[in-house]
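J.: The following feature annotations were taken from Swiss-Prot:
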type	residues	note
TOPO_DOM	1-25	topological domain 'Extracellular'
CARBOHYD	Asn5	N-linked glycosylation site
TRANSMEM	26-49	transmembrane segment
TOPO_DOM	50-57	topological domain 'Cytoplasmic'
TRANSMEM	58-79	transmembrane segment
TOPO_DOM	80-100	topological domain 'Extracellular'
DISULFID	Cys97-Cys189	disulfide bond
TRANSMEM	101-120	transmembrane segment
TOPO_DOM	121-139	topological domain 'Cytoplasmic'
TRANSMEM	140-158	transmembrane segment
TOPO_DOM	159-195	topological domain 'Extracellular'
TRANSMEM	196-219	transmembrane segment
TOPO_DOM	220-237	topological domain 'Cytoplasmic'
TRANSMEM	238-260	transmembrane segment
TOPO_DOM	261-271	topological domain 'Extracellular'
TRANSMEM	272-291	transmembrane segment
TOPO_DOM	292-313	topological domain 'Cytoplasmic'
Amino acid sequence: METANYTKVTEFVLTGLSQTREVQLVLFVIFLSFYLFILPGNILIICTIRLDPHLTSPMYFLLANLALLDIWYSSITAPKMLIDFFVERKIISFGGCIAQLFFLHFVGASEMFLLTVMAYDRYAAICRPLHYATIMNRRLCCILVALSWMGGFIHSIIQVALIVRLPFCGPNELDSYFCDITQVVRIACANTFPEELVMICSSGLISVVCFIALLMSYAFLLALLKKHSGSGENTNRAMSTCYSHITIVVLMFGPSIYIYARPFDSFSLDKVVSVFHTVIFPLLNPIIYTLRNKEVKAAMRKVVTKYILCEEK
């Protein structure tokens with residue numbers, strides 16, 4: 001890449017979601033409500049799984065890790081977005097932008113890999129029930145979770161490494177409420193086609209391949225379960241769990257594919273999809289998993305009664 005005497009950009013200006021004051025106040029109330037549900041909701045999931053002796057299966061261990069990632073993921077953009085609703089000029093430093101990029105892709109990719117691990121867990125539980133405890137032992141679960149985090153870290157490092165080598169000489173306005181690669185690449189003062197191609201292959205291709213693989217695996221499991229649909233409550237519970245996982249997979253991978261598996265051009269739906277991806281999706285995880293899982297709901301009631309209500313008395 002050619003070097004020149006560029007005026008180095010030290011900060012980026014975010015356009016936000018709306019310029020209308022009334023709309024900003026409404027959005028602030030809505031997103032603050034979401035965030036205040038995401039944090040305690042996922043913390044309650046983690047505490048319930050940690051404290052209840054009956055929730056010791058690998059599925060709940062993975063669910064606790066998913067809840068932790070949701071807390072982290074929502075906290076990357078939500079706090080600054082909420083503050084920016086009351087700021088006339090929404091600014092983020094270059095370093096802050098790079099940090100936001102890194103953690104978004106680190107946590108987001110880790111969550112995708114973790115969902116893949118959860119699909120393998122369901123496969124072992126349904127197809128190899130007699131050997132499930134041996135196959136999905138705690139040691140293997142810890143290794144798979146660690147590999148998910150490591151995969152997310154490597155993916156994020158690649159994305160950030162491609163961004164920091166680009167020159168930025170102005171303009172410095174990002175048509176978004178947070179720093180994302182698709183926006184930052186667009187304002188670089190250089191030909192970014194090679195970088196875009198690598199990013200699309202890294203983010204977009206991974207999303208598409210994982211999404212197709214996950215849908216195929218769950219379709220196979222559901223077809224297998226439907227053959228034994230009259231065999232009892234355990235089969236119905238397994239089908240319910242699979243439907244929950246499929247819902248999460250679609251909600252996670254759909255927006256990601258829309259954003260990253262195409263050229264980084266601007267479209268009218270970009271902000272809406274980004275809001276769904278960064279704010280609404282972490283909200284749906286605890287709702288879907290708790291509402292469709294009787295064991296988790298019962299355990300949550302016990303934890304709330306024992307550790308919260310009793311202390312208040």
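Every residue, even glycine, has its Cβ placed from backbone N, Cα and C.
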J.: Quick check on the disulfide-bonded residues Cys97, Cys189: which one has the highest count of other Cβ atoms within 10 Å of its Cβ?
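T.: Compared across Cys97, Cys189, the most Cβ atoms within 10 Å surround Cys97.
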J.: Where DSSP helix means H, G or I and strand means E or B, what are the helix, strand and coil counts for the topological domain 'Extracellular' (80-100)?
T.: 12 helix, 4 strand, 5 coil
J.: Do we see three or more Cβ pairs under 8 Å linking the transmembrane segment (101-120) and the transmembrane segment (26-49), pairs being at least 6 apart in sequence?
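T.: These two stretches do not touch.
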J.: Give, as a single whole number between 0 and 100, the mean pLDDT over the topological domain 'Cytoplasmic' (292-313).
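T.: So the average pLDDT across the topological domain 'Cytoplasmic' (292-313) works out to 76.
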J.: Are there residues at least 6 beyond the ends of the transmembrane segment (58-79) whose Cβ is under 8 Å from a Cβ of it, and what are they?
T.: 31, 34-35, 38-39, 42-43, 45-46, 49-50, 100, 103-104, 107-108, 110-111, 114-115, 117-118, 121-122, 125, 136-138, 141, 145, 177-178, 241, 278-279, 282-283, 285-286, 289, 296
J.: Does the transmembrane segment (26-49) come near the transmembrane segment (272-291), with 3+ Cβ pairs under 8 Å (pairs 6 or more apart)?
T.: yes
J.: Where does Cys189 (disulfide bond) sit in the DSSP three-state scheme?
T.: coil
